[in-house]
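For reference, the structure discussed in these notes is given below.
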Amino acid sequence: MKRKAKKLPASKSAEEVENSDPSSHGEEEEDEEELPTPSKATKTEDHASEESVPRPQKLSKGELYKPPTAEELHQLKEAESLFHCNLLKMQMEELLKEVVLSERRKRLVDSFIMKIKALLQNVPQTREVELNDHSWISEGVKVPFLWVPKTTKGKFHMAPPASVSLVGSYPLGTCTKPSVSVDLSVIMPPAVLHPKDVLNQRYPRKRALYLAGLAQHLRSSPEIGTLRYSCLHGNHLLPELTLFHPKRNNVRTHWYTDAVGPPTPHYNSSLLGDVLPKAHLQFLSAISAQCSAFGEAVALLKVWLRQRQLDRGAGCFSGFVGSMLVAYLLSSHRVSNSMTAYQLLRNSLHFLASTDLTKNGITLAKNPDSKAPTLHEFHSTFQVVFVDPSGYLNLCADMTANTYKQVQNEASLSLQFWDDPTVDGFQALLMTPKPLIRTCDHVFQLHGLVKLQASCKKLNLLGELMDHGGDYVLTALPFILSLLQLGLGKRIHLLTHSLTADPEWSVDSEPPKHKDQTPLSFGLLLNPEHSSSVLERGPPADSPEAAEFRQLWGPRAELRRFQDGAITEAVLWGGSSACQKRLVPREIITHLLQLHADIPESCVRYVGGLFDDVIKIGTGEEESLKVVQSFDDLSRKLWQLEDLPLSITSVQAAHPALRYTQVFPPVPQKLDYSFFEQDKQSRALVPHKDKPCPVFIPPLQVICHMEGSGKWPHERLAIRHVKAAFHIRLGELLRKQHMYTCSTTPTHVDVYKDGLIFRIQVAYHREPQVLRESIGPDGLLRYRDNEEAQALEMETLHRPYLTSTLHGLQQQHPSFGVTCRLAKRWLAAQLFSDEVDEDAADLLVASLFLQPVPFTPPSSPQVGFLRFLHLLSSFDWKNCPLVVNFNSQLTASDYVEIKNNFIASRESLPVMFIATPKDKKVSIWTKQGPSVQMLQRLIVVASESLRVLEAQLLDPSQNQDVRVALRPPLDMYDVLIHLNPKYVPLLDQAVDPPHITFSRGTVPGSAPSTRGLLPVIDFNPVSLYLAELRDAFGHLALFFCDPYGGTVIAVLWKPQAFKAQPFKTSQMSARCVEVSGDEAHSLPNVEAILEDFRIMGDALVRKVEPRMENWVV
């Protein structure tokens, strides 16, 4: 294990000082271990007296209107040219105030450091013993090193350190919260060391023993609290002796094995890590002295790295590397010393995005000596090259090429939205966390890491294993990444991996073994064009590349002849449905790891399709496609109808199933006619009262616009009569020309086609305007908006347009529809489907694809669903409108207009405001809900669901049941109405379907495309019962139910409904009289209401369960 020389958390420092200084009690709160939000006010560092508080001063008119000074003009110009607006500048300034240490905290830390230094200078000297003799260490302290091999030559004794000094970010002034740490460099005395200690891990072992001796000494002091060992960035060895060439061998192979010794560049780099901290500090201090904004720029870069989880763990892009990068840009004059922190951050990200350090390394060495390695030599040894000022140390020695590619990708994404005025750049750039599970489309883990020992042997990595001090995880990782990158190829945009966390353990515990590390997590950013392809087409059979292809894929490679006549190598993967094809990368990964690295499939935990079963009845996506294809065919036939009085101008879909977002798309059913009764007049099937509720067949709404003509009347009732006549005519023509079974009503015509019901509704474009017309008392024509006109516009204009637009979005992003289905299934399962309707839910998901910053658009339903939960739980619904910019129709000025209108009219607007290009001011999709209280609950439930799911997806030790996030907590409700599953038609769609099943009047086989008896349409007893309850008792209670197979209706009493009201005979529905003195009041009759629940439900209600512990009447 590699340890830090001495790393002291600042929080611990303050705690120790507080123990000795009671006056400092209570100051810890200002440095909470969470990233700050820009809205929080910075706490004052010292308690100012009342006299020092600034008070407003009255200014003369001349002072008020005097022209700005040159300095003020400069600041205004800077804000205008560098930032979207002054707000962004202030946000960055406030962020810097939040992340840097306060002066009071620094004084506490400095005081504690002085005590530590004094203790360390008094370390007692011990007798000299063999390096393997640990008897001088007390039982309460363990040596933080894995002694493999167990023996090595050398002698050791404890002695006071040669020096103790501050290094790292704290003395430089670039130390940032939340993870504040102070590094102390403790130099071992020369008498403890020997010139040959660089060989065979002697120095790392002496260093570990010395660290154990320091721990033993510090534990004896009452001023020191808990001590823990740690590893710096997951590295193993941190020696301090001399400069080393990366191609030298300093671990003798005959000591480690019996083979010839290769170079040990990583071992050598870790040795150099102890030599150069002071030199690096001096270099960075000199740079900082020349550039006043250096510290602030480094602080911003550290925040950027932390939000993307790039600055912690083995091979990370640490804050120190970030500091060196900014220093490189300044020292090489790529940026100016006069630049602001904002400019330095932007230029740093631009450099990262445009410079590939895996191919073109950089160096800080101005005049390296003749023995220093060249950049070419560094590249031949390391994957990423960034050389320090000495010319010998590669600062990115342990970084994999994939980690740097991730840094590049993140920098490129950040620059894309940096100047976008339609994006909150500050929030996306510095305030939004990007964990792996929410950033990557698919994630998989390798557990049982002990298997990687066999991988090292299979991949012939013995030299690399020795170079990494026996850490087979870090040894095998780069080769596994290269293998998977080659195999996945164009299926992915990026392959990344989590960085092994820096281990920490108590000083009285043995160091953790390599096999005890947390599972390795890998992330895939998929290329949706190729990721689901089941065919891997290789080179022609007679080409030289064919042998490499066969070697890569092993027995899965085969010769295949294609339609163009070519005979090539190819690999065919399994998968017939869309959800199976999405998991082709899993099949590739498990095959390659087993074939080339001896990692069995049981060690690979692929997290990519765990949510599919939640919304899968059949396959889901294929059913949606069949529904859309059937609609397209019906649309063509409607266009071709002859003998209509007026021609059809458009046929528009207006149902979620016709835009791929229906949670459970309708499946064509072949009916068992014996299960039903038959209406003699219409020959339509009707339910049998003694049998279970028949299969639920929803009508798919289709809006058919007729051409404008002077033949249309101008009176609302007459328009309805004309529309009814059109419905009759459409039914006749479809029945006559295409043999469809039709049922005509004045408001629509139902068409039975391909086992589906299409409900065609004729629309006249001027009808909403006619509904708004009224004649005033003065006889003048007036226009006044009303609910009837709004509802008609919603049904015939807005919803068809939304359906068409979302259908187009599905064509661009194949995972959009499935993400919508998952989101709406969660909303329904958590009993929110009546608060956030289907259209609003689809718009919420659409925003994730149209404006995904700081992410890329989701390419898998899983990551889309997790981001949906994050959007619900983190978006500032109170102060910000959610803008869904379809087809980029909204410009920057439109965004400003929407924001200004939103602020001006906030009190009258819905609490969840969604703006679209066709709806900038009203948010028609959320006018009916959610309420303030329900939105607050929605936020809480979404936050908890996200926490549970992300923890479960990344922790294989947890119970792997994603349905836990779809099971609603029912303990908050006042009454539970339990339903009889026999009469719940969608029972098989429940989150946890019961084992008992009922016949629903269907038989196996294909539904007829034409003719056939008309089935029972849109018959759901649960929905009908729920509507009756709300109509009768909506003034007393709220009713909630999962529309997809829910067998419980949850009831929540309205608090104001139980307040005593004056007795009125006209308002005695469901109430009882209570007489107090001379006054009579009425209260809800709860017992009668509960009995009415049961009576209204009849056979549908199994029992009514009052939760008396929640309420008292």
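Cβ coordinates come from backbone N, Cα and C, glycine included.
What TrEMBL lists as compositional bias 'Basic and acidic residues' is 42-53.
As annotated by TrEMBL, domain 'Nrap protein' applies to 182-243 (among others).
Per TrEMBL, the feature domain 'Nrap protein' maps to 244-288 (among others).
Here TrEMBL flags 293-432 (among others) as domain 'Nrap protein'. The predicted model assigns the domain 'Nrap protein' (293-432) a mean pLDDT of 91.
The annotation domain 'Nrap protein' is assigned in TrEMBL to 439-597 (among others).
Annotation comment: TrEMBL describes 619-811 (among others) as domain 'Nrap protein'.
Marked as domain 'Nrap protein' by TrEMBL: 813-966 (among others).
For 970-1104 (among others), the entry in TrEMBL reads domain 'Nrap protein'.
Positions annotated as region 'Disordered' by TrEMBL: 1-63.
Count of Cβ pairs under 8 Å against the domain 'Nrap protein' (439-597): among 293-432, 619-811, 970-1104, the largest is for 293-432. Broken down by DSSP into helix, strand and coil, the domain 'Nrap protein' (970-1104) contains 41 helix, 36 strand, 58 coil. Helix, strand and coil residue tallies for the domain 'Nrap protein' (293-432), in that order: 73 helix, 5 strand, 62 coil [DSSP].
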